[in-house]
């Protein structure tokens with residue numbers, strides 16, 4: 001009897017080799033469903049621009065506004081359509097350990113290559129509780145731990161990462177606590193991706209970061225690829241900083257949602273509680289695109305200043 005050979009499971013090394021990972025945006029139709037045609041275009045643009053991985057349903061992808069059915073469906077869709085061309089990292093973290101375990105089981109069942117896990121937020125826990133939370137999800141597959149104290153209200157201290165770093169499924173850390181924290185981990189041989197686009201160049205080339213998990217690469221994947229792959233380049237970094245600053249003038253993903261609509265690659269549809277940036281910021285974005293060069297941005301339509309009435313807010 002002949003048996004089919006199972007596909008090789010993704011290893012931790014397959015993940016730690018990734019330099020540019022895009023936290024990809026989730027676009028919507030006016031009825032609130034995912035706009036999968038626009039989503040597929042965004043993923044294709046990431047592949048063409050040189051991104052090696054995507055975070056599906058992360059903060060930028062608005063996973064916190066999705067049902068778990070939507071979330072797992074989008075991970076499965078991404079794997080099915082693009083999983084041989086780019087690594088698919090599903091955000092299956094939760095402040096509930098049981099929920100995180102269940103979602104991570106489902107994510108790996110539909111084929112994701114790795115999981116992204118944040119520490120429990122709002123209902124914060126102790127250091128020992130954090131360690132136990134992460135240990136509960138680690139057995140399922142390669143995992144990136146995500147430290148974003150400004151969002152969770154609680155820092156993941158280095159002790160937690162150091163305790164967990166011996167687990168064979170720990171791929172590394174997405175770190176938003178700055179260069180010194182990055183260096184703390186790289187000095188110990190722990191892989192770390194910068195979670196701050198404005199710091200990622202120096203984190204990569206001066207502090208030893210593996211790469212970046214980026215918001216900006218949604219718009220200019222080719223330039224961000226160069227920033228992570230082509231050596232120290234202060235000129236390119238300075239060129240990108242006005243765009244990066246603009247992308248974080250309001251909480252992410254509000255500016256990105258606005259930008260993708262202005263570029264004509266996603267419908268101007270936002271799930272509440274997000275609302276588009278005000279008119280003056282939309283005008284500023286057009287100036288930034290002109291300064292960097294429209295050819296570096298995704299899409300092939302002229303960048304436009306949309307009117308307030310062009311944007312649609314949905315409560316899904």
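Cβ coordinates come from backbone N, Cα and C, glycine included.
Automatic, uncurated: that is what TrEMBL annotation is.
Residues near residue 60 (pyruvate binding site) in space but far in sequence (CB under 8 A, at least 6 apart, same chain), listed by position: 23, 24, 25, 215, 218, 252, 253, 256. Feature annotation from TrEMBL assigns pyruvate binding site to 60, 213.
Cβ neighbours within 10 Å of residue 146 (active site, proton donor/acceptor), excluding its own Cβ and spanning all shown chains: 24. Positions annotated as active site, proton donor/acceptor by TrEMBL: 146.
Neighbours of residue 174 (active site, schiff-base intermediate with substrate), defined as other CB atoms within 10 A of its CB across all chains, total 25. Taken from TrEMBL, the feature active site, schiff-base intermediate with substrate covers 174.
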Integer Å distance between the CA atoms belonging to residue 146 (active site, proton donor/acceptor) and residue 174 (active site, schiff-base intermediate with substrate): 5
Tertiary neighbours of residue 213 (pyruvate binding site) (same chain, Cβ under 8 Å, six or more apart): 21, 22, 23, 55, 144, 174, 193, 194, 195
